[in-house]
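Q: My questions all concern the structure below.
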Amino acid sequence: MTEILQSIKSFPKQCSSDEKTVFIVGVSLFLPYFITVPVILWAVAKAAMKGRLMYAVKHVPKAYVLLGFSVLITIVALVYGNWLGAVLGIGILLLLLFVLYYRTVVTKPLLEVLMDIFIVMSLLCAVYAVFEYTYYIVVQLKWNIFTLPIAAKREYRVHVGFFNSNYYAMMIEFVILMCVYKIYQIKVKKQQIFYLAAIFVNAFILYISGCRTAWPALIAGVALILILHKNKIMLGLVGIGVVGVIGFFAWKPQYIPRIAYLKRNVGVRFKIWRAAVKGIKLHPLLGQGALTYFFTYKLYKGHKTQHAHNIILDPLMSFGIIGTLMALIYLASSFKEIWQLYRKKYDMGLFALILGMITVTFIHGMLDYTIFWVQTALCFFMIFHGASIYATSYREQK
């Protein structure tokens, strides 16, 4: 761990000004969201003053489509009087401007140190999470902490600084995938042990977060990385571990987080999805702006919540077919760069990690929309656009 901390500490002294800006934003992702947001605004303003944003908009493929998407969803929200959606549309624009800027800055050393920052910061968050969990369970609820109970109410579940526990859970999923990536990348045994320990620590915190949806998504993401690395032994061990865990929960179902509320929660999901489908049918082309579900759930007699809890339904409800297609056009263009990692063997480890991140996001997204949050979204894009490291040679060959 000493070597990892030393590399993080020394990086700002030897990197460019732009890399230092990204470095600071990376640190902020694991701080409370009300710190993350101003740091991103600062980074965007700094990049704009240096002319770096204009450079990014001109050079990053499909950047105009992405910015057009942001402007469109903001205008649509204003037209329908969805004021929160309009504010969020501006926020999305600023976040995506940073993403475009990031793509012109990211280098292999920067990406590696960012992942180390995320992993180390996740361990600091884990320490806080244990104290937070203890306070909720022992002080407020007066339960027996040694049975590892998980409260059903959101206000009693650990979230550290991520607004709610499910957003925190997705950040943990991403970090665990990064740890798996690092174990393959780093050949120093001591560092591999550190990353393995970080996996177990974060897995424990994921359990006490009470987020059930995270587990199948995480298992699928890790399994995919192992398959792409052709590591049959580790894949087999993970499979045995999963079977063992399933067997334990079958034997002791009371340890499944919030098991008593499972049937009710499934019913709530279907109620949310039915309301979302009604909204999509009424406004299929453009939606009504970000957080349309929260804006209209009473009209459709839906359950009160922020979004449609589905990575397919919510974008269609909020942004419509046109807005969703614009976002997909940008993502498809970006995936061309990612594919080059595999096709030309630029970086198979990074390719496996990116596919693992996509898998986790999509599977988790079937039951929740946790990617639609400033910290989870930016963490995802920082890894997803790691392929931009090699984008210059790719475009020159084109």
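Counting starts with 1 at the first residue shown.
Using N, Cα and C of the backbone, Cβ positions are placed for all residues, glycine too.
Below are the features I grabbed from TrEMBL:
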{"type": "DOMAIN", "residues": "198-327", "note": "domain 'O-antigen ligase-related'"}
{"type": "TRANSMEM", "residues": "22-43", "note": "transmembrane segment"}
{"type": "TRANSMEM", "residues": "63-80", "note": "transmembrane segment"}
{"type": "TRANSMEM", "residues": "86-105", "note": "transmembrane segment"}
{"type": "TRANSMEM", "residues": "117-138", "note": "transmembrane segment"}
{"type": "TRANSMEM", "residues": "167-184", "note": "transmembrane segment"}
{"type": "TRANSMEM", "residues": "196-227", "note": "transmembrane segment"}
{"type": "TRANSMEM", "residues": "233-251", "note": "transmembrane segment"}
{"type": "TRANSMEM", "residues": "316-335", "note": "transmembrane segment"}
{"type": "TRANSMEM", "residues": "347-366", "note": "transmembrane segment"}
{"type": "TRANSMEM", "residues": "372-392", "note": "transmembrane segment"}
Q: For the domain 'O-antigen ligase-related' (198-327), what's the model's average pLDDT?
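A: A mean pLDDT of 90 is what the predicted model shows over the domain 'O-antigen ligase-related' (198-327).
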Q: Any contact between the transmembrane segment (196-227) and the transmembrane segment (347-366), i.e. 3 or more CB pairs below 8 Å with pairs at least 6 residues apart?
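A: Counting Cβ pairs under 8 Å (6 or more apart in sequence), the transmembrane segment (196-227) reaches the transmembrane segment (347-366), since there are 3 or more.
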Q: Is it true that the transmembrane segment (372-392) and the transmembrane segment (22-43) have 3 or more CB pairs under 8 Å, sequence gap of 6 or more?
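A: Answer yes: the transmembrane segment (372-392) meets the transmembrane segment (22-43) with 3 or more Cβ pairs below 8 Å.
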Q: At a C-beta cut-off of under 8 Å, are there same-chain residues at least 6 beyond the transmembrane segment (86-105) that contact it? List them, or none.
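A: Hits for the transmembrane segment (86-105): 16, 18-19, 21-22, 25, 37, 40-41, 43-44, 47-48, 52-53, 55-57, 59-60, 63, 66-67, 70-71, 73-75, 77-78, 289-291, 374, 377-378, 381-382, 385, 388, 391.
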Q: State the residues, same chain only, that lie 6 or more residues beyond the ends of the transmembrane segment (316-335) and have a CB under 8 A from a CB inside it; answer 'none' if no residue qualifies.
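A: Same-chain residues near the transmembrane segment (316-335) but 6 or more away: 61-62, 65-66, 68-69, 72-73, 76, 85, 276, 279-280, 283-293, 307-308, 384-385, 387.
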